[in-house]
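As recorded in TrEMBL:
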SIGNAL    1-26  signal peptide
DOMAIN    81-499  domain 'Peptidase A1'
ACT_SITE  ASP99  active site
DISULFID  CYS112-CYS118  disulfide bond
ACT_SITE  ASP286  active site
DOMAIN    311-351  domain 'Saposin B-type'
DOMAIN    372-413  domain 'Saposin B-type'
Amino acid sequence: MGHKYLLLAFCLWALTCLLLPASSNGLVRINLKKRPLDLQSITAAKMARKKSGEGVKGIYNYLGSSDEVIVPLKNYLDAQYYGQIGVGTPPQNFTVIFDTGSSNLWVPSSKCFFSIACYFHSKYKSTKSTSYSKIGKSCEINYGSGSISGFFSQDSVEVGDLVVKNQIFIEATREGSLAFLLAKFDGILGLGFQEISVGDAVPVWYNMVRQSLVDDDVFSFWFNRDPNAKEGGEIVFGGVDPRHYKGKHTYVPVTKKGYWQFDMGDFLIGNHSTGICEGGCAAIVDSGTSLLVGPTPVITEINHAIGAEGFVSAECKQVVTQYGDLIWDLLISGVTPNKVCSQIGLCLFNRARSVIQSVVERENMNGSLPRDDLLCTACEMTVIWIQTQLRQKGTKDKVLQYVNELCDSLPSPSAEAVIECEKISNMPDITFTIGEKPFTLTPEQYILKTGEGLATICISGFMALDVPAPRGPLWILGDVFMGVYHTVFDFGDLQLGFAEAA
């Protein structure tokens, strides 16, 4: 008889566990939906990012401390993963991008009258919330492809089955970007650091921690790579789910609070080093973009290796033809690579002067770079390419021929990233070195497919963005990388963890 009661008690316990909310084990789970990428979105994203990142000529935004310059890396045209939150009491539901590359929460306001985008999305109505508190201070956030503006308000925010109280957020009254008109999401929930929060508003994640709503100061992303799956993935607040990854995580420290930034080591195409990050590169993990973004010289080599056509650069070919031998000889003789182009007279001005002149030049040249700058840039890339080949002990003739071919593969902001799908099996692996360990992407993982059957189009998952020193060179590891490697954002110990995704 006792055994029957014991069995009944066990069954009741098991049933209770099943009925408890997802956060009962200390983890708060948010299911993510995934929209398929299309060629139009990727092309638009590339053009927007190219526009915002042309050398030092992108839009810069002073956020946080007055001496800090933050590069606006976002445009959201290629954002894939989004989930639902509630704002107010009772909660008004919004679909948002959970974005580790920004720090503010914003949703469209019912007071947004003059932006077409607002009429295609849910809008927050403060009069319908009993927990609303007025702030009213105006603000603006600049993105690579446009901006949003509005004013600050305060209300409760529901994330999963948690309620964050007194959360400051932005009611957007103007959305000046095509991205927000076409978007499947209503707003953005930033998961970056407060250092880059507009208006120094406390991010939602900070308040989750401060209000003791999570057991651990950690959140993690898992993206479902099965294209036929109903759920696109899951973000877990308060820890990690062991079912989301295999093996152990490799942890690296956050090197600069703002974005989730860390130091990355060498970058390899196949088994060959590109030399760009041999001495270390800054990298950020960004759930708000799908692509892998890196310096133009590396993206050019990747384009060449995978057969993605670029635009033919006359300046690049001119430098290789007229100065290739001289560049080779200077590097062989031991001249420091960063001084080669100035010694041969192609880079006449230092970077500081170029930055000062850039605004005037942009106005005078209608946004285009002067020819001297183009030759200087082409020379700097040529030096990097030749230096890489020297390490592999290539002969001068073969190296200069290879570099000349790279001039045909310079990344274009238009649709030249389309490649032949049948060639994927012959493409090289791409390897990032993180925490002195290799993190490899196969061609099947870094090539994006859109369409079905005969209409299938294959697109390179890489795009170029040149961020100047001291913040650059910079890599942005988006969803292409995060889909392969489960990512842990450890806020308490200021570190990032990467493990093979399950």
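Keep in mind that glycine also has a Cβ here, set from the backbone N, Cα and C atoms.
A straight line from the CA of CYS118 (disulfide bond) to the CA of ASP286 (active site) spans 25 Å. If you draw a 10 Å sphere around the CB of ASP286 (active site), it holds 27 other CB atoms from the protein chains shown. Sequence-distant neighbours of CYS112 (disulfide bond) (same chain, 6+ residues apart, CB-CB distance under 8 A): CYS118, LYS123, GLY150, GLU171, ALA172, THR173, ARG174, GLU175.
Within 10 Å of the C-beta of ASP99 (active site) there are 25 other C-beta atoms, taking all protein chains into account. Across the structure, ASP286 (active site) and ASP99 (active site) place their CA atoms 7 angstrom apart. For the domain 'Saposin B-type' (372-413), the number of residues in each DSSP class (helix H, G, I; strand E, B; coil) is 34 helix, 1 strand, 7 coil.
Remark: secondary structure over the domain 'Saposin B-type' (311-351) totals 27 helix, 1 strand, 13 coil, with classes taken from DSSP.
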